[in-house]
Structure formats: C-alpha cells, structure tokens
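Down below is the structure, laid out as structure tokens.
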C-alpha cells in the first residue's frame with residue numbers, strides 16, 4: 001500500500017515464487033513491480049480479483065479435473081492463499097473431485113480423503129479459460145506407504161515436506177512462527193523476452209521461507225534484521241522494530257553464532273541441532289509470553305509520551321508567541337507532527353531498516369547516523385532533565401504543605417529540600433522502571449499518568465478562575481493577544497511537548513498486531529487528545545497569569561493552595577513514570593550506535609541505565625528554569641526529529657510527487673525554526689533575561 005500510494009513502482013503488481021522442500025531447496029521469493037522470468041516457463045494469464053470479495057484474493061474458478069475428466073464445479077470463487085499448500089473446498093465439490101479418482105475413500109464423512117499412492121494422473125485447475133495442470137503426486141500428502149491424503153473440506157495443518165528426508169539446517173523460527181535464512185539476495189533486473197514492463201526494478205529475495213500453520217493468529221514482527229541492502233525500495237516491508245538487545249541477538253541462534261570449532265565436528269551436528277531446537281522452543285514460548293500492547297495501551301503510551309513535561313509549558317509558549325499565534329501554532333504543528341510520526345514508520349518500511357536511526361543511516365550514510373543519534377539522544381535526555389526539574393518544583397511544595405514542620409525534622413527534613421527530593425524520587429521510582437527491557441510493561445504506569453494529567457487540567461481550569469486579582473497577570477500589551485516577539489521560541493516549546501518521534505517505533509513494535517493502519521489510528525487519537533489537553537492548559541494558564549506566566553505554570557499558584565498541591569503531586573508522579581520512556585530511547589540509541597549487532601548484555605544494560613539516570617539527575621539538580629530547557633531542547637533536537645529528518649528521508653526514498661514537495665516545505669520550516677529560535681534562546685540566556693526561575 002505504501003509503495004502504491006507513493007508511486008514507487010511503475011506498476012502495482014508483485015509476484016510470489018514458492019518451492020516445496022520435497023522438490024529441492026525450501027525457498028521462496030517475492031518480487032515487487034515485476035515478475036522474475038527465471039522462476040517460470042510459458043506465459044502468464046491474469047484474472048481480475050472479484051470485487052465482492054472485500055479485498056481477499058478471490059477469483060472465479062473455472063473447473064477442477066482429474067486425468068482429463070472434469071468435476072463440473074461452476075460458479076465458485078477460489079481464494080488464493082500463499083500461506084498453505086492444501087486445497088480446501090465445500091464438501092460437495094471436494095466429493096465431486098474425488099469421485100473422479102479411482103480408489104479414493106473418506107473415513108470421516110467427507111472431511112478428508114485418502115487416495116491410492118499410484119494416483120499420478122494430472123490434476124487440472126482452470127482459471128479464466130487457462131488450464132493449470134499438476135502431477136497427481138503434487139496434490140496429495142503422504143500418509144503411509146499405501147495411501148495419500150487428497151483435498152480437504154475443512155481446515156488442517158501440516159508441513160509440506162517429504163517424510164523420508166530430514167530438513168536441512170535452517171535459521172530457527174522467530175516467535176511469530178516464521179523462519180528466514182540470514183542470506184538475503186538481490187535479484188537483478190529482469191531481462192529477456194519474458195521480462196515484464198516493470199523489470200527495471202530490483203527485487204529482494206529471502207531464502208528458506210516457511211510458515212508454521214499451528215498458530216496463524218500470532219502475527220507480529222519477524223526476529224531478523226536484513227543485511228546488505230543496496231536499493232531504497234527493497235523488501236522486507238515488515239521490519240523488526242525492537243531494539244537489538246531485545247530481538248534476534250537475544251535469541252538462541254544469536255548466542256550460538258560463535259560456536260566455532262563445534263561447527264566442524266560432524267559427529268555432534270545432529271545433537272547440536274536437537275539441542276538448538278529444544279532451546280529455541282523454550283525461547284519462543286518465553287518471547288510469546290512477553291507483554292504486548294493493544295490499541296488502548298499503545299494510545300496510553302504515546303499520549304503519555306506527548307502529554308508529559310511539555311504540557312505545563314504551553315501557557316509559557318502562548319506568552320512568547322502571543323495568544324492568536326499560539327492557538328494557530330498549536331493546531332498547525334499538531335497536524336505536522338501527526339504526519340511526521342507516521343512518516344517514521346513508513347520510511348522504516350520503505351528502507352527495510354529496523355529503527356529510525358537505521359532509516360536515516362540508510363538514506364544519508366554515516367553523517368545521517370550521527371545526526372539522528374545525536375538528535376534522538378539529546379531530545380530524550382533533555383526530557384529526562386526537564387522531568388527532574390519538575391519533580392523538584394512540585395513534590396517539595398506538597399510535602400511542606402502536608403507537614404508544615406517537615407523542614408525542621410531530623411532526616412525526614414531532607415524531603416523539604418528540592419535537591420534531596422529529586423535524588424530520592426528519581427532513584428527510588430524512575431530508576432527501577434528504567435531497568436525494564438519492554439516498553440509495554442510501562443503501559444499501566446502510563447494509564448495512571450494520564451489520569452493524573454486529567455486532574456492537573458481540571459485543577460488549572462478551576463483554580464485559575466479563582467486566582468485573586470492581585471496574583472493575576474496583565475494582558476494589556478497587544479502583543480500578548482496577537483503576535484509577540486518570541487514566535488520561534490514558542491514553536492520550540494510546543495514542539496518539545498508534541499515530539500514523541502523517538503518513541504514511535506518502540507510503540508509501533510509494542511503493538512500486538514503492528515500494522516500501518518493500526519499505528520496511524522493510535523497516532524491520530526493520541527495527537528488529537530494531546531492537542532485538546534495542551535490547548536486547555538495553555539488557555540487556562542495564560543489568560544489568568546498573562547505577562548507573569550513562567551515555564552512551569554503551577555509555580556504561578558501560591559504554595560498553600562491545596563488543590564494545586566494535589567495537581568503538583570500528580571504532575572511530579574507523572575514525570576517519574578514518563579522519565580523511563582525517555583531513558584528507553586537514550587539507551588537504545590546508544591546500543592544501536594555502539595553495539596548494533598551485539599547480543600543482550602545485562603551488565604551493559606545496567607551501566608547504561610544507571611549512567612543515564614544519574615547524569616539526568618545531576619543536570620536537573622543544577623537547573624531551575626524549566627522554560628529555558630523547553631526552548632533549548634525544542635529548538636534543536638525536537639526540530640530535527642520532527643520537521644527535518646523524517647521528511648528528508650521520505651524525499652530520499654520516494655519518487656517526486658506533491659507529497660515530496662510538502663515534505664520539502666516542512667524541512668525548510670524546520671531549519672528556519674531551529675536556526676532562529678536557537679539564536680534567540682542563547683541570546684536570552686547570555687543577556688540574563690531568562691525570566692523567573694524558581695528553585696525550592
């Protein structure tokens with residue numbers, strides 16, 4: 001669908017070639033935009049898919065025949081299924097076919113049939129007037145030495161392999177029951193008289209492909225990363241979006257690649273294969289048991305990633321840009337961010353990469369890898385710092401309001417100190433959550449965080465209306481109502497709130513069924529809900545505090561406001577559960593950059609996790625101005641991640657169309673915002689007019 005929409009191929013066709021194990025190598029190939037003349041003889045006839053089949057591969061069936069005698073099957077639709085080697089049909093039709101085969105019998109009322117093994121006459125299927133004949137031995141599965149199993153009238157499962165031979169050593173199955181060899185090959189452009197008009201495209205072949213029918217509902221990501229890609233439109237379109245520490249390298253075959261001398265010991269090969277199968281089965285079951293996210297849980301994760309620290313800075317963004325411009329920016333940037341989030345997954349599929357980093361590396365080489373790694377890491381780390389600042393701004397207010405004499409108490413009095421609170425809560429709550437390897441395990445925490453955010457929004461609306469006149473700000477300056485001098489800084493603050501691109505593939509990979517349509521639904525719902533929440537907070541805060549609005553609008557309220565203190569507590573706890581999401585990203589960026597092919601190492605995992613949390617905590621201890629953090633991070637890494645790199649990759653991977661020109665306009669917009677807002681933010685810091693910064 002992506003290739004079709006982007007007009008990446010001259011013609012919207014693809015061809016499948018599948019070979020049985022009993023006929024030789026158990027391999028297959030998919031070709032996009034062409035047919036491979038080396039894989040067939042004769043001519044190709046085309047049959048229109050039945051429109052009433054609702055998208056299924058259903059075509060009119062002409063008839064069935066055995067040894068030249070037709071069964072008289074008319075008016076049926078044949079559903080083409082490349083995932084099975086069996087032929088299923090209505091009981092009456094299956095009976096009519098087997099009536100033509102001498103000696104065929106059924107012992108279960110016509111569900112399955114047995115035929116003599118000497119039934120070698122051709123079986124013919126007719127489509128669009130063209131007869132497709134196969135040897136009779138190809139239409140039956142060996143059951144014993146005397147009889148074979150014929151067509152079926154109900155579901156069944158089996159492997160298409162000769163029982164007399166053991167399958168050769170192959171790559172173990174991944175958790176979704178698909179097996180791929182780690183030997184990708186590129187089929188060159190088709191040549192010769194049989195080549196189609198689309199033969200100028202390169203095709204990608206995966207060797208040793210087979211499906212296990214025992215769990216057809218288990219759909220997900222394959223566990224293999226493709227290597228050696230040479231063209232931007234190569235398969236596979238289904239990619240592994242898990243981190244390398246979680247995917248193939250963690251499997252039994254990843255751990256066993258370096259056996260070395262064992263590979264030369266022929267006497268031990270069979271035992272090793274059996275041991276590998278046993279280990280693999282255990283690993284597969286463990287991988288199946290690992291939690292995945294449904295649409296609701298994925299929505300919670302993405303919304304929590306958006307509605308995090310950035311939401312509390314939206315009133316400040318309206319102050320910097322002006323009320324009218326602030327509203328327009330919030331609406332417009334929501335649309336752009338929604339589109340570029342989806343672009344990341346589309347680009348990943350087009351490039352055949354397994355991560356945002358891999359896509360940019362595929363498009364722009366080593367410089368691109370450095371750029372995206374730096375941007376992702378800085379944005380996620382900046383978020384961790386901002387979350388630490390908010391914890392220090394929020395929780396001490398609550399604790400001192402509940403226990404007025406807390407500061408004078410021995411030992412516990414440390415909880416009234418901003419720095420002590422940051423250290424205790426980040427190390428005690430956020431750090432343990434950071435040690436998880438699966439983002440899906442944070443879904444429940446994300447749900448609680450969103451509930452807390454609802455409390456914060458309600459508090460701002462209610463308490464904002466009750467703020468005494470003496471504590472309110474002024475809106476007398478017309479620039480505050482229309483266009484202020486900090487428009488580009490406002491874009492940076494809003495971008496900081498909405499950018500969750502660095503989490504997008506992690507969230508996509510956590511879906512139970514990761515498809516573009518399902519991910520797009522999650523993205524649209526999350527972006528829409530986040531926009532509504534941000535707009536509510538921005539209006540509730542800015543219209544009350546006006547020119548007095550600070551980076552953390554909760555700090556505009558008195559310290560003894562009970563309802564606001566509850567909101568502060570909820571916000572601080574929200575940050576404690578959101579911080580691990582950013583730590584996930586930082587850690588995976590570092591692993592993908594320095595250890596892209598290394599197996600999971602628990603010591604490395606612990607060192608990276610601890611180092612990230614400690615570094616972010618140290619920065620938050622030294623930082624009080626949340627607005628400056630929003631501006632700096634939003635104007636640099638957020639712009640690169642949201643407005644520059646995804647559209648650039650899209651332009652690189654697709655042919656020119658109106659979409660690529662839109663992408664180019666977004667790139668120009670992102671570059672302008674980055675340059676201007678960064679200069680303004682740095683100049684403000686140098687001049688010392690960063691505004692009110694509160695450290696408890």
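Here the Cβ of each residue, glycine as well, is placed from N, Cα and C on the backbone.
What TrEMBL lists as domain 'Peptidase A1' is 1-190. Annotation comment: TrEMBL describes 134-282 as region 'Disordered'. As annotated by TrEMBL, compositional bias 'Low complexity' applies to 153-164. Residues or ranges marked as compositional bias 'Basic and acidic residues' in TrEMBL: 216-230. Residues or ranges marked as compositional bias 'Acidic residues' in TrEMBL: 262-280. Marked as transmembrane segment by TrEMBL: 323-346, 367-391, 411-436, 448-467, 487-511, 523-546, 566-585, 606-622, 628-649, 661-682.
By the Cβ criterion (under 8 Å, sequence separation of 6 or more), the transmembrane segment (487-511) is in contact with the transmembrane segment (661-682), since 3+ such pairs are found.
At the 8 Å Cβ cutoff, the transmembrane segment (523-546) and the transmembrane segment (323-346) share at least 3 close pairs (sequence separation 6 or more) and count as touching. Counting Cβ pairs under 8 Å to the transmembrane segment (367-391), the stretch among 411-436, 448-467, 606-622 with the most such contacts is 606-622. The stretch in closest packing with the transmembrane segment (566-585), judged by the count of Cβ pairs under 8 Å and taken from 323-346, 411-436, 448-467, 606-622, 661-682, is 448-467. Proximity of distant same-chain residues to the transmembrane segment (628-649), defined by a Cβ-Cβ separation under 8 Å and at least 6 residues beyond the stretch ends, is recorded for 309-310, 313, 316-317, 336-337, 340, 343-344, 347, 351, 356, 359-360, 363-364, 368, 371-372, 374-376, 378-379, 382-383, 385-386, 389, 488-489, 491-496, 498-499, 501-502, 551, 663-664, 666-667, 669-671, 673-674, 677-678, 680-681, 684-685, 690, 693.
Take the transmembrane segment (411-436) and the stretches 323-346, 448-467, 606-622, 661-682: counting Cβ pairs under 8 Å, 606-622 has the most.
With respect to Cβ pairs under 8 Å, the transmembrane segment (323-346) is most closely packed against 661-682, considering the stretches 448-467, 606-622, 661-682. Along the domain 'Peptidase A1' (1-190), the predicted structure has mean pLDDT 69.
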